[in-house]
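According to TrEMBL, the protein carries these features:
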DOMAIN    C:89-301  domain 'ABC transmembrane type-1'
TRANSMEM  C:27-55  transmembrane segment
TRANSMEM  C:93-114  transmembrane segment
TRANSMEM  C:126-146  transmembrane segment
TRANSMEM  C:175-199  transmembrane segment
TRANSMEM  C:232-253  transmembrane segment
TRANSMEM  C:280-300  transmembrane segment
Amino acid sequence: MKKTVWKDVLLYMVLIILACLFLFPLVWMVISSFKTESRIFMDLTSFNAFLPTDFTFANYSAVFERIPFFRYIITSTLYVSVIVVLGLFVNSLAAYAFARMTFKGRDVLFAAVVALIIIPFESILLPLYLIVDELDWLNTYQALIVPFIANAFNIFMFRQFFLNLPKELEESARMDGASTLRIFFQIVIPLSKPVFITVALLTFITHWGDFMWPLIATTDESVRPLQVGMQFFFHQPPVKYGHIMAALTMGTIPLLLIFLFFQKYYVRGIASAGMKN
Amino acid sequence: MKNKSMFAAFCLLLVFALIAGCSNDDTGSGRTKDGEVQLVMWAHQGQPKEVDFYKKRIDDFNTAYKGKIHVKLKIIPSGAGHAYEDKINAAATSNGLPDVLDMDGPFVGNYAATGLLAPIDSYIPDKDKKDFADSIIQQGTYDKKLYALGAMESSVVLFYNKKLLKEAGIQAPEKIDDAWDWNEFLEVSKKLTTEKTKGLTMHMDLGVGEWFTYMGSVFVWSNGGDLLNEDRTKADGYLNGKESVEALEYVQKLFKEKVVSMSNGPTDFEEGRAAMMLGGVWLIPGFEEYKDLDWGITYFPYAKEKASPSGSWAFGVSSQSKFPKEAAEVVKWMSNKDSVVEISKITGMPPARASAFDELKEYDEMPKKAIKDQVLESATARPSTPAYPVLTAKFAEAFQAAALGQDVKKALDKATEDTERELERFNK
Amino acid sequence: MEPSPILRPNRNEKKVTAYSNKGVRQFWLGMGFAGPAVVLLFVFLIMPALLALYYSFTNYYLLTPQLSEFVGFENYQRLAGDTLFLKSLKNTAIFTAIVVPLQTLTALALALLVNQKLKGIKFFRVAFFAPVVTSMVIVSILWTFIYNPDTGLANSILSIVGIGPYQYLMDKDQALYSIIFMSVWQGAGYQMMIFLAGLQDIPDHQYEAASIDGANSWQKLIHITIPGIRNILVFIALVTMIAATKLFIQPFVMTQGGPLDSTKTLVYMVYETGFKFRDVGYSSALAVLFFMIVLVISVVQRKWLRDTSQ
């Protein structure tokens with residue numbers, strides 16, 4: 001019995017040390033965002049760095065004065081949400097065709113789509129930029145959205161799920177004279193809620209972190225997403241630790257909310273993505 | 001079913017909203033029925049006051065030229081990085097350039113060589129050209145033709161903390177002829193370096209970028225060297241020439257002697273952690289926040305020749321403009337004496353014209369006199385070359401390598417090799 | 001696609017008269033469903049991929065597309081002699097070679113820890129997961145401050161234990177490893193969650209049976225836990241590997257590829273050459289090469305997976 005107590009103590013110690021390692025940067029970030037610039041530097045060399053030795057909102061108001069922070073958040077939320085919504089639509093429709101319909105060239109087409117999963121986005125960056133420029137889309141929401149609606153991997157995920165659905169319901173609906181589109185919306189989608197939520201979450205999180213593409217495709221502040229906006233702010237003189245900490249702290253909030261609300265689905269989602277492959 | 005069709009409708013609506021919301025509204029230039037020429041102009045988004053100035057000056061222009069020329073000004077956000085340049089790149093490839101645009105000085109060469117700009121020589125009287133600081137004409141000239149004129153100058157000076165210098169018993173030079181040479185500068189920096197304060201900060205925190213070239217190339221010029229040959233067609237023997245190598249070796253020495261730090265904070269000078277700072281004149285307005293700071297300005301240290309950084313935003317006429325003559329009028333207006341005086345007052349940047357200094361009395365005395373002296377006597381423009389984007393990146397990397405204690409000759413040889421390749425593309 | 005018995009007679013009846021018509025109709029119906037995705041993928045994925053290949057054989061300069069010329073394999077030949085490229089390749093390889101095992105094993109260790117039945121364990125799960133909730137840009141900015149040799153937290157913390165000071169991002173021999181450490185710190189929590197889900201799927205009775213047989217913790221780990229999550233382990237390692245080759249945000253934000261190119265990566269070079277230096281041709285050659293590398297990794301992985309699972 002004694003042995004297990006010691007084991008627990010040891011475990012807790014390891015856990016606490018690791019937790020400190022994982023949390024100290026974030027704690028410092030949040031705490032510093034409420035301190036004046038000189039206080040941040042003064043506290044750096046002592047444990048005070050992690051204690052609220054000061055309490056001011058000045059850094060936060062400075063952020064809003066210096067950059068259109070809300071605008072960045074709205075831009076990011078808007079464009080990522082549109083990718084998610086249109087993406088669910090387009091990709092699930094395609095996946096349904098590949099899973100359930102018989103038509104000439106289907107298997108070749110699907111094989112081609114699967115093969116596309118392998119192309120890394122980074123290798124098509126420049127030509128994509130030139131195409132988007134040709135369409136006169138630079139500095140517009142279209143540039144941020146349209147190229148990312150169709151997603152080969154998501155089509156693949158949807159198809160896997162649809163293949164595992166029992167066919168009986170769809171067939172009896174067809175007997176009743178329902179159109180394919182109607183079957184899809186009325187029967188298939190309600191049955192496929194889990195995969196829709198998983199794909200939506202994964203898409204949202206992926207594109208929320210988008211950096212390289214918005215960096216080059218948008219130069220106007222009016223369509224600049226949060227990640228790029230924060231990077232610009234980081235380099236924009238005068239560089240103040242407090243201001244940047246405030247911006248970073250606020251920048252974590254949206255994703256934090258997503259995780260809080262969708263925690264259950266999220267964990268299940270990444271886990272299922274893990275199992276399937 | 002109702003929900004689903006609502007959903008579909010919502011999607012469609014979003015798409016339409018996006019497409020409608022993003023249609024381009026710059027209708028471009030043209031001539032109205034009554035013969036008034038309509039021009040489009042782009043300006044980068046600088047400080048808010050600067051933007052207000054552009055707007056006001058263009059309003060004045062439109063009033064003065066009523067019935068003849070009307071300019072529509074579009075402010076393009078620049079942010080950090082090269083957002084504004086990317087925008088120009090994009091517009092150039094898709095024939096979407098405005099009639100008049102402003103651009104950062106060293107990019108004039110690249111834009112001129114790639115045919116984005118139209119020469120404006122014929123519209124500017126020679127007498128007028130002489131009033132501009134030499135460096136402003138240099139930065140606007142490519143291949144012997146003038147492409148751009150600016151209203152603002154800029155410079156990097158040696159700021160110093162009066163209190164710390166006094167404590168160390170050091171008197172900073174008050175005349176450009178008395179400026180510290182490299183040896184004196186090193187000695188002074190050493191004296192000012194204590195356990196708690198560095199003698200100097202060079203803003204290495206800004207990272208590899210234009211700043212390193214802007215500030216760093218002065219060491220080369222001052223040592224009698226240059227980044228490229230006079231025709232701006234060759235780097236070999238210049239960028240990696242003896243003078244350049246010596247210059248960066250001197251910079252290296254400053255770091256080796258630990259009078260300057262690679263890892264300075266952004267406000268070390270302002271907060272008294274560094275006694276001196278090689279910094280841009282644009283930092284001056286920010287000093288107001290630091291009540292304890294008693295600062296002065298002296299001259300950029302030199303080796304053989306006096307040199308100081310130069311170059312700022314300038315206006316040019318795009319080659320895609322159908323009304324180059326009218327567009328040149330705008331350039332002239334934006335860089336005439338009134339504009340130059342006014343923008344200097346607003347931004348605190350030195351004016352681009354010699355005559356404008358007469359109107360700006362604060363430049364007659366120290367500390368600002370040092371800036372005027374540099375602009376009129378030692379300012380040197382960065383080389384006007386289409387290979388500038390590569391040149392500046394590679395030089396900045398070599399500068400950093402020097403600061404980090406690497407073999408300077410090797411670093412500059414590498415920079416030269418890359419620059420030579422890029423020059424070849426345009427020398428063909 | 002087997003029609004149900006009820007449908008079969010129906011279909012046979014119509015077969016003779018309407019086969020071709022039906023085929024056409026089904027084709028268009030299928031296309032109606034798959035079409036939007038296929039068109040989008042073609043325009044925004046296949047076309048740019050083909051263009052990248054094409055541009056890599058030209059001297060396309062971003063500002064003067066009209067002057068582009070076909071230059072054969074010139075860009076590829078240049079790659080072979082480009083020391084910067086070789087360095088970027090090496091940096092990318094080092095990053096990948098260290099991050100993949102380090103991050104996977106860290107995540108696994110964390111998952112084993114937080115899978116213990118202890119009071120308050122949920123707090124630790126959240127703690128380890130917390131960095132994931134930020135974003136790569138946020139943590140890169142944050143750690144740039146932490147790594148500052150003079151005013152950074154890293155050195156003040158290490159000085160308590162009497163280590164350091166280090167130069168981190170300012171030193172060409174430490175910069176890449178500093179980025180590696182931060183990347184593992186940021187990403188491990190994500191994979192920990194996946195491992196955790198896998199661990200919880202292993203039925204308790206397997207462990208109980210082993211305990212009865214007198215197995216110790218280590219033996220349980222090797223004989224029950226690891227085999228139980230083998231698929232997840234492999235999956236995570238593979239996904240991390242591909243992701244690691246795309247390293248860009250961290251060096252872009254923290255070091256601009258420096259000091260002395262010690263954190264330049266392949267993707268960074270694609271970006272820099274194409275957009276900063278406007279050399280579309282050479283950038284495309286780099287991009288094509290990068291694609292080939294990812295392709296080879298994926299193919300080798302798939303083959304290896306197939307071989308080992310049989």
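Cβ atoms are placed via backbone N, Cα and C, with glycine included.
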Using a cut-off of under 8 Å between C-beta atoms, tell me which stretch among C:126-146, C:232-253, C:280-300 contacts the transmembrane segment (C:27-55) the most.
C:280-300
Do the transmembrane segment (C:175-199) and the transmembrane segment (C:93-114) share at least 3 Cβ pairs closer than 8 Å, excluding pairs fewer than 6 residues apart in sequence?
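Touching, yes - the transmembrane segment (C:175-199) and the transmembrane segment (C:93-114) meet the threshold of 3 or more Cβ pairs under 8 Å.
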With pairs restricted to those 6 or more apart in sequence, evaluate whether the transmembrane segment (C:93-114) and the transmembrane segment (C:280-300) have 3+ C-beta pairs under 8 Å.
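Since fewer than 3 Cβ pairs under 8 Å link them, the transmembrane segment (C:93-114) and the transmembrane segment (C:280-300) do not come into contact.
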Should anything in the same chain at least six residues away from the transmembrane segment (C:232-253) have a Cβ under 8 Å from its Cβ atoms, list it; otherwise answer none.
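Distant Cβ neighbours of the transmembrane segment (C:232-253) are 92, 95-96, 99-101, 103-104, 107-108, 136-137, 140-141, 144, 179, 182-183, 187, 191, 194-195, 198, 226, 263-268, 271, 290, 293-294, 297-298, 301, 305.
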Are there residues at least 6 beyond the ends of the transmembrane segment (C:280-300) whose Cβ is under 8 Å from a Cβ of it, and what are they?
49, 51-62, 68, 71, 75-76, 78-79, 85, 241-242, 245, 266-267, 269-271, 273-274
Taking a Cβ cut-off under 8 Å, which residues six or more beyond the ends of the transmembrane segment (C:126-146) line up next to it in the same chain?
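Sequence-remote neighbours of the transmembrane segment (C:126-146) are 110, 114, 152-154, 169, 178, 182, 185-190, 192-193, 249-250, 253-254.
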